[in-house]
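Enquirer: Take a look at the following structure, please.
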Amino acid sequence: MSALWVSSLLVLIPVLAALLTLGLRRTPHLAARVASGAAIVSVVVGIIGMAVAPTRNQRTAQPSDTFHVGDLEMPLALGSGPTTAAVAAIVALVAAVVLVFTQWYLDDDDRLAQFAATVSLFTAAMMLVVHARDLVLTLIGWEVMGWCSYLLIGHWSRKESARRAAYKSFIVTRVADIGFVLGIVGLSAGAGSTGLDAVVSHWTGEGGAVPEPWTRSVLLALVVIGVLGKSAQFPFQDWLPDAMEGPTPASALIHAATMVAAGTVVLAQLFPVLVLADGARWLLGIAVAMTMVGAAALALGQSDLKRLLAWSTVSQVAIMLSALATATEAIGPDPGLFHLWSHAIFKSLLFLTIGWLSVVAGSTLAMALRGSGHVHQLALVAWLFGLLALAGAPFVVGGLSKEHVIVTAYEGAIGSGGPGVVVLAALLVTVVLTAAYATRAYLVVAAPDGERSVSTRSHAVGDETAAHELDETAVLEEQHDHSGMPSAPVLASLALLTVLTVVGGLVMLTGLFNLHRASMWWMLLTALLIGIGAGVVWLARGYGDPRNAFVRTVRQRTLADNGFGFDTAYRRLVAGPVLWLARIVEFLDREVVDGYVRGAAASAGIAGWLTDRGHRREAPSAGVGLVALGLIVAAGTAVLTWR
Amino acid sequence: MTLQISWALLLPALIPVAAMLLVLVVDAVVPRASLAAPVIGALGLLGGAVAAVPGLDAGDPRLTLCTPAPDGRCMWDGSPLASTLQIAALLATLGVLALMSWRKAGVVDVVMLLASASGAVAVVAATDLGTWLIALELATLPVIALVAWRDRRAAAHGALTLLTTSLVSFGLLVLGAALWVTATGDPTLTGPSLATAWAVPEQRVLASLATVVLIAGLAFKISAVPFHAWTPTTLTSGPLPISALLASASKIAAVGALLVVLAPYESVLDLSPGPHTVVAALVIVTVASMLTGTVMALRQTEVVRLLAWSTIAQAGWVLLPLTALSVAGRQAAAIYVLVYAVASLVAFAAVRAIHGQHVEDGRELTAYKGLLRRDPIAGGTLAVALLVLAGLPPGIIGLVAKVMTIRPVVDAGLWPVAVVAVVAAVLGIAVYVRWFAVMFGDPDASAPKRPGRRRASVAVAVAGTAVLVVTSVLPQVLLGLVS
C-alpha cells in the first residue's frame, strides 16, 4: 500500500463510517460498534502509513487533474509526508479510543449513534486537514470541524449551558475564521493556484518573482488569526473551557487530536512562508506567550478539574504554536508537531481518565473528585503518568517534546529576529505553573481514601458549588446505575494510552520527526523548574485542595473559574458594539433607506392620482380627444422637422 | 408583369384563409354541425403554425411575391423573425379559440378569429405598403366585431371606442403610407430606397414625417400612450377571450407591423444627419407608455382593468429597444412581445378559469385572497405569469427579456431612456407583486364560485405556463428563434 493510498483511505474510512453510522441510528449500539470498528481499521491503516511513509524531502502529492476556476488552478490533491503519517496515525488512534470509550460512557444516551457519527465526521475533517495539499481542501476540513465541534459540544442540547457553550464556540471560531478565509484567499490568489506547493513556492519567492514582504506578513497574520481562534488562543481562548459542557469523549477528541491542534498542522504546512513573515510570527509569538502563561495560571485556580484540563490544553497548544513562531528555517516545524503528537496521547489519556473518575464521583468538581483515584489502580496510574507528561517530566513523552520546544525557542531567541526571547521567558514560567497545577490535580485525585467522604460532605454547602450548578454528570447520574467500572475494551484502551505516554517518545527513533538533539543543560534546568513548581504545591497540600493556598478569597476563585472574566469582556467589547452597530444600521435602514422607498411609493401614488384624473372620462369622446392630441404631436413634429 | 410566387412561403397565411372559407361552406351546407366550425378553425390555425416552422432556421433569404429582375422587389419576407411571430400569433389565436367554450364559438366567431389570424400572419411578413396596410386592417378590424358580437351594452360601448380608434388609426396609416411613397418613390419598405431618399433633405424630412405618422397609427394598435385611451374600456367591457386576443395575437401583429416599418432605418442609422425625429417620436411614446401604464396599473383594484393598464405599460417595454433602431433592438422587441403575449394569455386564461367568461362584479383583487390554496392550478399559473410580467425570478424569462430590451438602448447611448426603463421596472414589480401577494394566505368566505366549464381555460393556462417555465430554464431556446 503506497503512502498516497493510505492518505486517501484515512480520509475516506471515517466519512463512510459517519454515513453508515447515521444510517444505523435506529440501533444505536450497533451503530457505535460500527463506528469504533471503522476507527480501529483506520488505526491499522495509520500504522501502515507510518511504515510506508515517504522519507524526508520526498513529499508526495496525488497526481490529479487540475481544475481551473477562472485563472485559478485547483489541484484538489491529497498528499503524505513523514510527519503527516505520524500525526495521522495518532489522530486515528485517539479517535478509535474515544469511540470505544463513548460506547461505555454514553451507553444509555438516546443519541449515541448521532454522537458516534459526528465523531467520525470530525475525524475525517481532521484527516483532510492533515493530508490536504490544497488550501481549498484545508478550508473544507477546517469548516467541517467547526460545525462538528458545535454539534458535539451541544450534544446535551437540553441543557441551556450546553447550548450556550456550543453557540459560543461556533461564533468565536467563526469570527476568527474571517481572518483564516481572507488569508487563504489572498495566498491562493497571489500564487494563482490553491495547491499548497504552488502557494509555498510563490510566497517564498522560489518561483522567481519575490513577493512583497508586507503583503506576505499581512496574509500570514490573517491565517494566524484564524488559527488563534480555532486553537483557543488569546484573545479567543474563552470558548474552550466553556466547551467542557460537552460530553467528556467529545472534549477528549477536540482537545487531544483534532480541532485545537488543526491550527498547528496548517501553520506547519505553511511553515516555509511563515518563517519569512516576521509580522505574523510576532503576532503568533506574543499571542501564544500571553496564552500559555495566563491559561496555566487559570488552570491552577479552577475548582473544576475538567476545566483545569481545558485550560491546560489552551496552554499546551500555545506551547506547540510557540515552536512554530520561534523556529528557524533550519529547525523547521517538526518540534511543534512532535509536541502535538505527544500532547494527543497524554491529553486523551487524561480526559478519558477524568471521564471515568467523574462517573465514580458524580461530578467533575475538585472537591467531589477528592480521593476518587482509589477506585481502581489503573485510574491512578493513568492519571499519574498523564500528569507527568503534562508537567513535562523528563523522558515521558510530554517531557521530551516540551524539551524540544524549549530548545527551539532558545535557538530562535539567539538565532533570528523573531519573538524568541519573549516566548522563551513565557515557556519557562509556564513550565513552573504547569508542574504546579499538575501536582495539584494529582494530589486531589490521589488524596487518602478516608478523606473523601468527609471532604465531599463538608464542601457540599461550600462556596464552590456556585460555579457549576448544572454539571454534565448530573445527566449521567441517571444513566449509569453500574458501579462506575468501565468495560474491558475501555480499560485496555486506557492501558494502551498509558503505555504510549511512557514510551511514546521512542517515535523519535523512527525518524518521522526531524528533530535536533536536545541539550542536557536545558533538560536539567527544566527539571529544576518542574521541581520548584511541584514542590511549592506539595508544601501547600495541607489545605485540602492545594489550590486554596493560592486563591484564597471567593472573589479570586470566581475570577479564576470565569477565566478572568473574558466572557463578560466578549459581551462588552464585541457583542455590545456589534449589536449597537446593528441597531444603527437598522435605524438608518428604517428611517433613511426606507424613507426613499416610502417617498417613491408616495410619488408613484401621486403620479397615479394625477394620471387617473386625466382618464376619468373613458368615453369615445375622450378617446377622440386623445387622438386629437396625438395628431397635434405628430403635426408638431412635422413642423419642427420641416426646415 | 408576372410575380414569382413560392406558395410554400405563403402557406402560413393561406391555410387559415382556406379554413375560413371551409367553415363558411360547411356552415352553408350543414348548418347544424355546430362543432365543425371550431374544429376546422383550430386545425387551420394549427396547420398555419406548422407551415411556418420551416422558416425558423432558414439560412437562405425566404423572399417571394417578387417582381422580375433586374428591378426585383419582393413583397413577402418569411425570415426567421417573421416566422416566429407568425407561429406565436397563430398559437395565441388558437389559445383564444380554446378560451371561448367550444359550444359557444359560433361560425362568426371562428371566421373572425381566422381572419384576424391570417391578417396577423401576413402583416409581419409583408414588405410592401399595400399588403402591409390591408393585412394590418385584416388583423384588427374583425376584433371590433368580436368585441361587440354577442354581448351586452357595455361591450357595444367598448366596441364603439375601438371602432373610433381604429378609424383614426387607419386614416393615419394611409396618410403615412402615402407620405412614404412620396418621399421614397417606392411602395416597398426597403433600406436601399430609404437610403437614397435620405440623401435629399426634402425627401429625408418627408420620410421622417411618414414614419412618425405611421408610428402614431400603429401606436393605437399597440395601445401606447397617448393613443391608448380605448384599451381599458374595451378590455374590461368585452368578453374575456377577446380581451386576451387583443392583448396577445393583436399585439404580436401590431409589433410585427412596426418591425417591418422600422427595418429600413437600419441602413440610414450611420448617416449624417441620423433619423433623430423617428428616435424622438419613439422615445416620447415609449417613456409615456411605461410611466403612465405603470402608475395607472398601480391604482387599479379590478384585475382586468389592471391587466389592461399593464398592457399599456408593457407596450412601452416593447417599444423601448426599438428606439435604438438596430437589428438587436428589433430582435429584443420581438422576444419581449412573445414573452409578454404568452404571459398575458396565461393571465387572462387564469382569470377566465377563476371568474368565467362574462363581465361581472367581483373581479376585484380581494377575490384572489388565498387563491394558491383554494385553486392551486389556476393560482399557480397566474403566479408564474405575474412573475414573468414583473421580471422577477423564478420567472426568469421575463427578466431576460427586460435585460435584452435595455441593452440595445444602452448600446445606442440613450441613457436617460434606460434610466426611465429601470424606474418603470421597479414600479412594475410593485404592480404585479401587489396581486401576487394577495394570492397567499388563507382563503375567506367571499371567494367567487368556480365556473362550471373551465377545462379549456385551465389547459391554455397550463400550456402557456409550460412555455414560460421551459424558456425560463433554457432562455437560449427563445433567443435562438429570432437571431
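Backbone N, Cα and C atoms are what each Cβ position is placed from, and that goes for glycine too.
Found this in TrEMBL, in case it helps:
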DOMAIN    A:132-411  domain 'NADH:quinone oxidoreductase/Mrp antiporter transmembrane'
TRANSMEM  A:6-24  transmembrane segment
TRANSMEM  A:31-53  transmembrane segment
TRANSMEM  A:84-105  transmembrane segment
TRANSMEM  A:112-130  transmembrane segment
TRANSMEM  A:175-194  transmembrane segment
TRANSMEM  A:253-276  transmembrane segment
TRANSMEM  A:282-301  transmembrane segment
TRANSMEM  A:348-369  transmembrane segment
TRANSMEM  A:381-401  transmembrane segment
TRANSMEM  A:421-443  transmembrane segment
TRANSMEM  A:490-513  transmembrane segment
TRANSMEM  A:519-540  transmembrane segment
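Just tell me what is around each of these and how deep it sits.
Expert: Sequence-remote contacts of a segment are chain residues at least 6 beyond its ends whose Cβ falls under 8 Å from one of its Cβ atoms, and for the transmembrane segment (A:112-130) they are 10-15, 17-19, 21-22, 24-29, 31-32, 35-36, 38-39, 42, 78, 84, 87-88, 91-92, 95, 98-99, 102-103, 106, 137-138, 140-142, 144-145, 148-149, 151-152, 155, 247, 249-250, 253, 257-259, 261-262, 265-266.
Sequence-distant neighbours of the transmembrane segment (A:175-194) (same chain, 6+ residues past either end, Cβ-Cβ under 8 Å): 71-76, 134-136, 138-139, 142-143, 146, 201-203, 211, 215, 218-230, 236, 270, 273, 574.
For the transmembrane segment (A:381-401), the list of distant contacts is 312, 316, 335, 338-339, 341-343, 345-347, 349-350, 353-354, 357, 373, 431, 434-435, 438-439, 441-442, 445-446, 494-495, 497-498, 500-505, 508, 518, 523, 526-527, 530, 533-534: same-chain residues at least six beyond its ends, Cβ to Cβ under 8 Å.
Same-chain neighbours of the transmembrane segment (A:490-513): 50, 53, 55-56, 82-83, 85-86, 96-97, 100-101, 104, 334-335, 337-338, 341-342, 345-346, 348-349, 352-353, 356, 378-379, 381-382, 385-386, 388-389, 395-401, counting only residues six or more beyond its ends whose CB sits under 8 Å from a CB of the stretch.
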Enquirer: Under 8 Å between C-beta atoms and at least six residues away from its ends: which parts of the chain pack against the transmembrane segment (A:253-276)?
Expert: 83, 87, 90-91, 94-95, 98, 119, 122-123, 125-126, 129-130, 132, 138, 141-142, 145-146, 149, 152-153, 187, 196, 199-200, 203-204, 213, 216, 220, 223-224, 226-228, 230-232, 240, 243, 246, 284, 309-310, 313-314, 317, 320-321, 324, 327-329, 332-334, 336-337, 340, 343-345, 347-348, 351
